[in-house]
């Protein structure tokens with residue numbers, strides 16, 4: 001229900017304390033309410049690929065959409081708009097007025113921990129995808145919060161690192177997606193990044209925030225990332241409206257003190273409070289549910305399945321190995337991801353899904369008459385798999401005292417698995433700063449043998465099985481990457497177990513502040529977390545041998561493996577581009593035997609090294625596909641969906657080939673963006689370095705022809721009448737399909753060093769066999785402009801510009817040109 005209040009009246013009549021209270025959150029997810037003036041609290045919620053609601057722990061299940069790079073791989077404005085609508089509806093069901101997304105940072109390195117959250121390495125593609133999903137979300141009444149402005153392109157020391165970037169690269173690459181969003185979508189909120197830009201944290205950097213409000217004439221609510229406010233005076237004066245989360249750390253009484261010292265003006269407080277009230281007024285129009293609920297509807301499942309299938313990129317299909325005929329009699333499914341799909345990355349993307357379809361179940365459904373052989377082949381987990389389906393009667397008890405003391409039970413919560421994240425958990429009487437918990441449950445293994453147990457913790461924890469201590473993770477802790485970079489490495493123990501016998505599992509847990517570990521540059525959300533995993537101990541060589549055996553028996557083999565949220569997550573970056581240990585050996589062994597009938601399906605949010613790619617006939621990139629991961633992959637493998645995804649980022653042969661390789665972590669608190677504007681394909685093309693798969697690459701089960709000459713009209717660029725490129729495209733193959741045509745602009749005669757070409761438009765066209773259509777791609781002023789650092793303005797340089805239309809950045813199929821007759825400078829959007 002819309003809150004009925006007049007902003008001017010409220011601002012003129014509320015107390016100074018109320019004004020100041022508005023400028024920070026009331027708790028982890030809400031803004032402050034002023035009931036006397038009918039100003040309600042506004043609920044915000046993560047995350048980039050689904051709506052978690054207000055609880056990391058014991059939350060309401062949610063729809064899980066494919067990850068950001070998967071959505072970027074669709075190159076589909078309409079699908080992204082539909083995805084935004086679904087996210088908006090999920091927000092409404094969770095009682096949330098404001099979605100904390102989308103993420104539009106740049107994948108300058110394949111190692112970035114949150115690379116999977118963003119859409120693309122190209123700023124134009126990223127901005128257009130963001131615009132589409134924002135407009136979809138905000139059509140439901142929910143406000144979108146585009147993030148993280150700007151330069152949070154890696155996780156290493158993200159709160160402390162000073163990103164050193166030239167003004168030109170900042171404008172042309174890293175700010176451009178936000179600029180497109182400001183021009184085309186103007187969402188209601190913007191979230192600042194944790195890091196510094198050129199010496200000053202963005203959250204308190206007036207030059208950076210003035211770009212948004214003054215240069216782009218866009219006036220969103222500007223909020224901090226969670227615990228990403230570092231000062232009172234500087235952040236207020238720079239333009240930060242809302243410190244999140246609450247309770248405040250840098251506002252409240254500190255603003256009062258700064259006012260008394262005349263370090264913050266009354267007009268500044270009024271301006272920030274007005275912006276929060278305007279945000280509340282707009283957000284409160286969203287018809288949110290009074291309670292957090294689910295909405296797992298058939299039409300949402302169908303959309304999620306379409307999103308997943310359309311995101312899948314067919315990287316190789318030598319000899320038309322795919323699609324696999326549904327008449328196949330015997331098929332081998334190999335890989336850790338076959339029965340345990342990777343549906344999302346970690347961190348803010350984590351949520352409790354309504355369901356997750358595995359590839360195994362999807363293949364069983366698609367091939368009811370086939371014999372299906374399965375072997376894991378090699379484990380791909382970094383942390384042992386959480387105990388869930390073999391767990392029963394599990395609860396967690398909360399106390400303010402450790403287990404060795406007499407203590408009072410404060411709360412009991414049921415749990416469905418042995419992982420918990422308590423950053424936002426609270427209970428009456430619980431001391432959030434220091435508390436203890438005991439998880440107890442019954443574990444019934446399905447296989448006899450020696451079992452491995454692994455315990456990772458942010459805090460301290462000890463594992464007991466039938467009251468025998470199996471793991472002590474309390475005293476000799478080593479920092480790892482889990483839980484936003486605050487957790488320990490996994491401590492491992494073993495125990496001999498019998499199938500069908502029930503064992504008592506007990507975890508004695510101490511909250512975050514019981515841990516002696518300290519770290520710089522990572523976010524301390526508090527509360528604490530733990531992950532207990534378990535699996536049967538297996539000999540790696542025997543696992544590979546078992547996999548090779550079933551591959552030898554099968555007519556076709558599908559190997560599905562890759563990364564998961566253990567490897568790609570907020571809070572840390574990957575150390576290398578490699579697949580998990582043992583995976584390459586598994587794939588190579590299967591290819592040695594059956595390369596002519598084996599398809600490799602990789603799940604990751606960003607590129608991984610594929611040393612066996614030249615020997616594989618069929619390679620599919622399936623990303624993190626959300627709830628419908630298994631269905632989406634199976635739909636493509638068996639030809640129910642003709643693959644149409646295109647890579648939204650370049651796929652290097654080796655991590656050392658990446659332009660950010662020498663500058664991908666904080667060194668002494670600084671990180672130099674030394675590649676300047678030559679990021680991604682711009683770098684590979686400029687230096688002539690080969691990649692494994694180029695930006696924009698993706699194959700189809702059909703073929704297309706495109707007219708070699710693009711008609712560009714008008715031939716002279718005018719800001720009043722910018723040109724449009726038109727080409728004729730025809731489906732020359734046997735099945736219906738979609739082609740994504742990518743428009744690149746080259747300025748070969750420019751006096752200023754520029755990339756060989758840059759993406760400035762694209763279109764996706766669906767055609768039946770034999771159908772042809774003329775498609776148009778519009779060209780805007782960004783296509784001819786670069787940032788002139790001397791004039792501190794955009795410069796559209798006179799000269800002839802080449803129009804290059806391709807099916808990837810390397811496959812140019814049509815050409816045209818236009819000219820700019822007079823150099824001009826401009827600012828704004």
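The backbone N, Cα and C atoms fix where each Cβ goes, and this holds for glycine too.
For reference, Swiss-Prot has these:
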CARBOHYD  13  N-linked glycosylation site
ACT_SITE  225  active site
CARBOHYD  304  N-linked glycosylation site
DOMAIN    389-548  domain 'PA14'
CARBOHYD  473  N-linked glycosylation site
CARBOHYD  602  N-linked glycosylation site
CARBOHYD  627  N-linked glycosylation site
CARBOHYD  664  N-linked glycosylation site
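The structure, with features from Swiss-Prot marked on it.
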| residue | record | Cβ contacts under 8 Å, 6 or more apart |
| --- | --- | --- |
| 13 | N-linked glycosylation site | 37 |
| 225 | active site | 147, 148, 152, 191, 192, 193, 194, 203, 244 |
| 304 | N-linked glycosylation site | 63, 64, 65, 66, 86, 626, 627, 628 |
| 473 | N-linked glycosylation site | 455, 456, 457, 460, 461, 462, 463, 488, 491 |
| 602 | N-linked glycosylation site | 561, 562, 579, 608, 610, 619, 620, 621, 622 |
| 664 | N-linked glycosylation site | 108, 109, 111, 112, 154, 156, 573, 658, 671 |
All-chain count of other Cβ atoms within 10 Å of residue 627 (N-linked glycosylation site): 29
Secondary-structure category, per DSSP, in which residue 602 (N-linked glycosylation site) falls: strand
Local backbone state of residue 473 (N-linked glycosylation site), from DSSP in three classes: strand
Mean predicted confidence [pLDDT] for the domain 'PA14' (389-548): 94
